[in-house]
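Per Swiss-Prot, the features are as follows:
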- Glu250, Arg257, Arg273, Glu303, Phe343, Arg419, Lys425: ATP binding site (BINDING)
- Lys252: active site, N6-AMP-lysine intermediate (ACT_SITE)
Amino acid sequence: MNFIDVAKIYEKIEATTGRLEMIDYLKNLFLSTPPEILDKIVYLTLGNIAASFEGIELGVGEKLFLRALSLATGIPQERLEEEYPKLGDIGKLAEWAVSKKAAQSFFTEDLTVERVFDTLSKVARATGEGAQDLKVRLIAGILSDAKPLEARYIARIVTEKLRLGVRDMTVLDALSEAFLKGRAYRDKLERKYNIYPDIGKIAKVVAEKGIKGLDEITITLGIPVRPMLAQRLRSAEEIMEKIGPRIFAEFKYDGERMQIHVWKDGKVKIFSRRLEDITEPYPDVREYVSKAVEGHEVVLDCETVAINPDTGEILPFQELMHRRRKYGVEEAMKTYPTVTYAFDLLYLDGRELLDEQLDDRRKILKEILKENEKARLVQYEEIDGNVEELERFFEHAVEMGTEGLVVKDPKSIYQAGVRGWSWIKLKRSYISKMIEPVDLVVVGAFWGKGKRAGTYGALLMAAYSPEEDVFKTVCKMGSGFTDEELARMPKLLEDYKIDHKHPSVISNIEADVYFVPVKVAQVLGDEITLSPTHTCGWNKVRKNAGLAIRFPRFMGWRDDKGPQDATTEEEIIEMYKEQLKVVEVEETKSEEEA
């Protein structure tokens, strides 16, 4: 398959502002692709060469790419560096340079998808002495045979700036349309993706075998399962009404969510909430968890916390992040020792447990987990309908240095990749009006004026709707930034910049600049109000109105979270409703006092 055919589809996707149109282009691309290379097409379309959890990066900066482009086209690197700011996009620069060279070239070989993919794989795996020169030669080799449009997308993929805005869920929609009779099996496809998030492999399976191929996809050691997530409510009483009377109430530790895979021979892999392989920084966790489940093959869902080595107290999450380093691991282990609390069991000795009730998963976990000083079962209470008992346990959890509780339905199954009402967070800050920050995605920006001239004055922020796989605006945020953060912001967001509103963004507000929804920020506001302009919760609380966060303030970037981990539209709606209840109670008290 020639890469030019793929590049033409990419050009159409890049130009569209409609999500359904994007899905249709992808469907046609997938149907025209030989099944044996569909995985490669999918990876390239997502700007990767492998599943994201494999952590394979091309490692090509702009300077290195310009060397390769100069070698391929004969245009001096200095000239390319002069033209780059004028065009403002590495892809457009490569397209321009190759078009200049094409006018003088008569002998080129058609580029195939296989050649592009295999070359980029070699680039990613080039390490050691001479690796940079090898990468330059490899990239120059495919650019030499590239047509101008092909060069545009090769440049963007290589420098990790593809910006098509296609995400895994968009690919699943297109695969469903192409190979699974439209929407009929879309839910099953997503369930399989949630337990085996290698979307290239899944694409190849459904293209070759259709719906029957999905039955072959199971939990596999070394492949992370997308974690189940919790909703939130403000009070013990509401939680009991929602999932009671019988509940499990677990400590919610201020640590890092870890999915730990253990083989019978003691091999261990650790994945973060975002499915990143974080095995290397945690040799202590590997050792004490493997001992605790010795003789078994397991996939555990856990929370790991940093401990004060002198007092044994739980340290804040930010302290644990000092463990995320490539160097000085031994020293970090001594300064920030850890304890891991296991709270769920997804797989045991070849058997998937996702469809077992939490009751049964917990019993099995207690049977196989040989607790030690560092690997422990989560602290929890089984409570049967007693709200006061739940409130007392909540206060106890807070006194013990935790964030609060996660309350769970003992009859619930493990819904991988789903934020459902079977798990509900009860945290200290939910007891008050919007003291709890939310995590929102940057989808646009507005140029600053006066002191902020030359940088962004405010960001357009959005919540995520997993049901629709779109981002809906909830505020314009211009407060809370330091001068240094403001100065750095255009460069920080440059890689995500696009020239039109992204198809997965629902917005009534026109921004000066638009972004692919990737970057997540923590935001704190005064309250949530009805809005005639913002689209979050549109028509769901009141007709012709959405919801907005009033006086939003920037609290920091959440680099540990992806866009799909952001606060959801439903959570914003629930926070608004709970806020109304608090206001009503306060007004009633005031009237009684009067």
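Here the Cβ of each residue, glycine as well, is placed from N, Cα and C on the backbone.
Keep in mind that what you see is a predicted model, and the values were worked out from it rather than measured.
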Practice prompt. Compute all pairwise C-alpha distances among Glu250, Arg257, Arg273, Glu303, Phe343, Arg419, Lys425, the residues listed as binding ATP, and give the largest one in whole angstrom.
Written response: 18
Practice prompt. Identify which of the recorded positions Lys252, Arg257, Arg273, Arg419, Lys425 has its Cβ surrounded by the largest number of other Cβ atoms within 10 Å, counting every protein chain shown.
Written response: Lys252
Worksheet, complete the sentence: Using a 10 Å radius on the Cβ of Glu250 (ATP binding site), the other Cβ atoms enclosed count 24
Fill in: Pairwise Cα distance for Lys252 (active site, N6-AMP-lysine intermediate)/Glu303 (ATP binding site) [Å, integer]
9
Worksheet item: According to DSSP, which kind of secondary structure is Glu250 (ATP binding site) found in, if we only use helix, strand and coil?
Response: strand
Discussion item. Out of Glu303, Phe343, which of these binding-site residues shows the lowest number of other CB atoms within 10 Å of its CB?
Written reply: Glu303
